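A.B. asks: Mind looking over this structure? Questions follow.
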Amino acid sequence: MKKYKFRIILLTTLGIFLSSNSQTKDNQVSNKNESLLVLNKKQETMEIDIFSDYAKKNNYKIISKEEFTKRCLDFFGINILDIDKENYIEINSNSGYLLSAEKQFLRTEAEGLFYNPSLDVPVSKDYAIKELNNRENRIGEKFLAYNKLLFNDDLVTLSYFINNPEIIEIVIDFDYEKSIHFFNMAIEMFKKENFIMENFNNHYLFYNNKNKGYKKDLLNNIYLRSNNNFEQINNSLVALSYNFSKAFKKIPIYQKTKDECAIYIIQLLNRFDKKNKINIGSINDQLAYVQLKNFLKSDYDFENRLKLSNYYNDTEIKELVENYNILKLDDVSETFFKINDPDGYTNLRKYQNTSSEILQRIVSGSEIEVLDNSGDWWLVETREGKRGYVHKTRIKAE
């Protein structure tokens with residue numbers, strides 16, 4: 001009995017010790033994390049001051065709060081009046097750039113001055129300042145060029161952006177349109193680098209300040225620079241339209257703005273078609289028709305919205321829509337169907353058999369496009385853009 005009590009006491013003591021030890025370790029980890037947060041906060045404050053001092057020493061001018069607020073809304077879509085100004089602010093971009101509203105500058109690097117994983121010890125303030133002033137890494141040069149142009153309209157920065165793809169970021173991503181020289185450089189680089197097909201994003205069409213709508217001047221300039229050359233317009237405006245139609249429903253912009261933008265692109269392409277009638281053998285050779293068809297297929301409600309808006313008072317747009325509705329009746333590639341499965345869904349398969357890989361589960365009632373209706377397994381495309389095979393018994397005409 002005594003031995004039993006001794007074991008209980010021993011186990012209890014051991015449990016208390018282990019629990020205490022565990023709590024100590026947890027507290028150590030917690031304290032360490034808090035220390036890191038404090039350290040990062042200190043680094044952020046130091047970095048903001050370092051960049052601010054560097055900007056002032058290099059003749060960067062602080063503008064009025066009202067003007068800075070307006071530019072932040074136009075360039076980044078951010079209303080800084082609603083945000084804590086002491087810390088960095090993330091901008092709506094994949095760049096990783098950060099904004100300091102208090103000191104009025106944009107940090108133009110994804111990683112900060114205090115980030116250097118190759119060092120075994122924390123980066124010191126002196127080291128951070130040295131990195132910023134190091135001409136070889138061009139951190140300081142880029143920082144000054146971006147900020148002096150965006151917030152000071154300093155055209156001396158032109159030398160930095162000549163033949164530099166970063167001009168696309170300034171004009172296209174950040175909507176800087178105050179200089180025709182920079183605007184023209186960006187459009188030429190835009191076409192030269194083939195960014196439209198490879199890196200399509202909302203910035204190509206819409207302003208960061210959503211109240212400004214879509215980029216009509218940019219689209220018109222792209223059209224004019226095609227010089228009625230099919231290859232040039234195909235690699236620019238047509239490519240832009242194609243990518244836009246694919247993302248039409250997903251882009252988080254006002255629907256009215258998206259519709260107006262789509263119609264304006266079609267109108268520009270229609271203008272091109274009229275000037276190049278000699279190259280058009282059938283309606284499927286018309287760039288305007290083909291691209292309008294893409295939008296109608298991407299969003300089934302688009303046609304109804306066009307009717308409600310009276311086709312934007314454009315009889316030629318109305319005629320293109322009417323032709324689309326006539327031709328799709330005779331063309332299986334233009335015929336839409338729905339999934340009809342008693343189980344409530346059917347599987348989209350990679351190959352034409354039931355043991356093939358399942359690419360997607362399609363809910364009954366979902367609209368699909370039939371691309372090939374030969375055989376028992378039909379090739380279809382879902383509204384999500386995935387292509388695969390569905391057994392014909394699970395498909396019915398809309």
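Glycine too: its Cβ is placed from the backbone N, Cα and C atoms.
TrEMBL: automatically predicted annotations, no manual curation.
Take a look at what TrEMBL says about it:
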type	residues	note
DOMAIN	334-398	domain 'SH3b'
SIGNAL	1-24	signal peptide
A.B. asks: For the domain 'SH3b' (334-398), what's the mean pLDDT in this predicted model?
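C.D. replies: Averaged over the domain 'SH3b' (334-398), per-residue pLDDT gives 85.
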A.B. asks: Under the DSSP assignment, what numbers of helix, strand and coil residues are found in the domain 'SH3b' (334-398)?
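C.D. replies: Tallied per class, the domain 'SH3b' (334-398) gives 4 helix, 34 strand, 27 coil.
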